[in-house]
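Asks: Could you have a look at this structure, given as structure tokens, before my questions?
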């Protein structure tokens, strides 16, 4: 991947706990399993998104992040543990860059910069996609782009910041040829992570 005219490495760890993690158990959304997004597609999307977000990236030789696709039960456990909200949500992000620890420049020139973790409930994403009238792939990309922006320090404490963040998400989806309809809206402010 090229960033700022230089070739940098991108490592994306996809942990698909939803589609393949339920051995012997019939998936309630089993018909969706054939629609899982390939790891290569995720990597391509992240490369394109990071190229677009280059001004917001810390300078490094490479970048690393994790994406975990899961169900409502597991994301509820994470939400209760880390946000003290005992309910399922659509996306959680854990930014590694939020720490005040500054990495030495020589470390970043030798090792990838770990951006953090994004966790998405496929069950919630499926319901939201149905409500919004678009497909699951679009919803998963939308939620992932939201999580990625959080990893890079974006937040939405007020309406102005939220509008700016949602506009950036729309731009990110357009770079991978996906569209969110103009009528798409978040169900509630509490569901924004």
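Placed from the backbone N, Cα and C atoms, the Cβ positions cover glycine too.
Automatic, uncurated: that is what TrEMBL annotation is.
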Asks: Given TrEMBL annotates 146, 150 as Zn(2+)-binding, which of 134, 156 belongs to that site as well?
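Replies: For Zn(2+), TrEMBL names 146, 150; of 134, 156, the listed one is 156.
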Asks: Take the Cβ of residue 150 (Zn(2+) binding site) and count every other Cβ within 10 Å, whichever protein chain it belongs to.
Replies: 23
Asks: If you count Cβ atoms within 10 Å of each one, which of the binding-site residues 146, 156 comes out on top?
Replies: 146
